[in-house]
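As given in Swiss-Prot:
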- Gly14, Pro15, Thr16, Ala17, Val18, Gly19, Lys20, Thr21: ATP binding site (BINDING)
- Thr16, Ala17, Val18, Gly19, Lys20, Thr21: substrate binding site (BINDING)
- 39-42: region 'Interaction with substrate tRNA' (REGION)
- Thr105: site 'Interaction with substrate tRNA' (SITE)
- Arg128: site 'Interaction with substrate tRNA' (SITE)
Amino acid sequence: MGEVQREKVAVIIGPTAVGKTKLSIDLAKALNGEIISGDSMQIYRTMDIGTAKVTKEEMDGIPHYMVDIKNPEESFSVAEFQERVRKHIREITERGKLPIIVGGTGLYIQSVLFDYQFTDDAGDAIYREQMEKLALERGVEYVHKKLQEVDPESAERIHANNVRRVIRALEIFHTTGEKMSDQLEKQENELLYDVSLIGLTMDREMLYDRINLRVDIMMDQGLLEEVEGLYNRGIRDCQSIQAIGYKEIYDYFEDRVSLEEAVSQLKTNSRRYAKRQLTWFRNKMDVTWFDVTDGEKTSEILRYIEGKLQLKSNNSK
């Protein structure tokens with residue numbers, strides 16, 4: 001018997017503000033595709049401006065999945081993301097369409113494409129509570145430092161402010177004696193799909209200028225009011241609020257910083273995040289990069305995907 005044909009998937013990754021959204025919609029139109037968000041924060045309802053969520057107008061009739069599926073107070077795991085996205089890939093393929101994953105959350109996207117296994121082990125609730133208490137009493141940096149001591153690779157990948165993931169990585173080491181990063185490395189080798197994985201990059205100074213401008217536009221669009229709505233609903237200490245764009249403005253509402261300082265910190269954190277994204281993608285995934293410093297490369301990228309996945313676009317003769 002011949003080899004089972006794997007489902008075709010196009011993936012667009014890259015740092016924040018590089019232009020992934022517009023490209024994905026152009027490609028979906030040309031390739032008869034439907035889009036799956038690979039962003040761990042666009043899943044949350046009412047968190048639109050700070051996550052740079054694709055608007056109905058931008059979607060231009062192209063179906064989008066993994067957007068607005070959770071309330072801000074709900075938690076969400078990479079295992080749940082993996083399960084839901086694989087189901088969407090199957091269903092989109094069955095409809096004769098091309099699944100296009102677009103986003104910047106590297107671990108989430110990687111968990112879908114490769115043969116990652118997530119255990120159903122509930123972990124150690126007592127240990128978890130101890131770590132949560134430590135984070136409250138000694139600060140998140142203290143707990144992050146503990147992770148650096150036992151699993152430096154995960155500590156590098158997981159930001160100190162992402163307390164839940166820091167504690168989860170510590171919990172895995174505590175319960176299994178294995179580093180989370182080692183568990184993932186062991187499962188990283190085999191692609192489950194026929195994948196065209198492309199990345200967008202650009203001159204760093206230009207990217208940073210775009211990020212700064214994007215933050216200014218977000219403020220003009222009403223980011224302050226969006227975050228105030230969440231704050232007034234009593235949403236605290238949730239996974240969603242640890243997102244860049246929300247935690248900084250929360251500091252303002254809690255009188256820890258001025259609004260000017262909050263916006264400045266938001267720009268700094270966004271630039272740092274973009275740098276971490278690029279480092280992660282370059283170290284962890286076999287990406288074909290397209291430099292869009294001098295303008296979009298839609299036609300070139302389209303030709304590349306057609307060749308890699310042996311597709312014909314609507315633009316082809």
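Note that Cβ sites are derived from N, Cα and C of the backbone, with glycine treated the same way.
Just so it is clear, the model here is predicted, and its values are computed rather than measured.
All features noted in Swiss-Prot, drawn onto the structure.
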residue : record                                 : DSSP class
Gly14   : ATP binding site                       : coil
Gly19   : ATP binding site                       : coil
Thr105  : site 'Interaction with substrate tRNA' : coil
Arg128  : site 'Interaction with substrate tRNA' : helix
Near Gly19 (ATP binding site), which residues of its chain come within a Cβ-Cβ distance under 8 Å, counting only those 6 or more away in sequence?
Leu200, Val292, Glu296
Reported mean pLDDT - the region 'Interaction with substrate tRNA' (39-42):
94
Across the region 'Interaction with substrate tRNA' (39-42), what are the DSSP residue counts per state (helix, strand, coil)?
0 helix, 0 strand, 4 coil
Around the substrate site formed by Thr16, Ala17, Val18, Gly19, Lys20, Thr21, which additional residues qualify by having Cβ within 8 Å of the site's Cβ center?
Gly14, Pro15, Ala52, Gly104, Leu200
Same chain, 6+ residues apart, C-beta under 8 Å of the C-beta of Thr105 (site 'Interaction with substrate tRNA'), given in sequence order
Gly38, Asp39, Ser40, Met41
Rounded inter-Cα distance in Å - Val18 (ATP binding site), Arg128 (site 'Interaction with substrate tRNA'):
37
Taking only the Cα atoms, work out how far Thr16 (ATP binding site) lies from Arg128 (site 'Interaction with substrate tRNA'), in Å, as a whole number.
32
Rounded distance in angstrom between the Cα atoms of Lys20 (ATP binding site) and Arg128 (site 'Interaction with substrate tRNA')
37
Count of other CB atoms lying within 10 Å of the CB belonging to Thr16 (ATP binding site)
21
Looking only at C-alpha atoms, tell me how far Pro15 (ATP binding site) is from Arg128 (site 'Interaction with substrate tRNA'), rounded to the nearest Å.
32
Rounded Cα-Cα span from Gly14 (ATP binding site) to Arg128 (site 'Interaction with substrate tRNA'), Å:
33
Compile a sequence-ordered list of residues in the same chain as Gly14 (ATP binding site), six or more apart from it, whose Cβ lies below 8 A from its Cβ; state 'none' when nothing qualifies.
Lys20, Gly104, Gly199, Leu200, Thr201, Gln277, Leu278, Phe281
Name, in the order they occur in the sequence, the residues of the same chain whose CB lies under 8 A from the CB of Ala17 (ATP binding site) and which sit 6 or more residues away.
Ala52, Leu207, Arg210, Ile211, Arg214, Ser270, Ala274
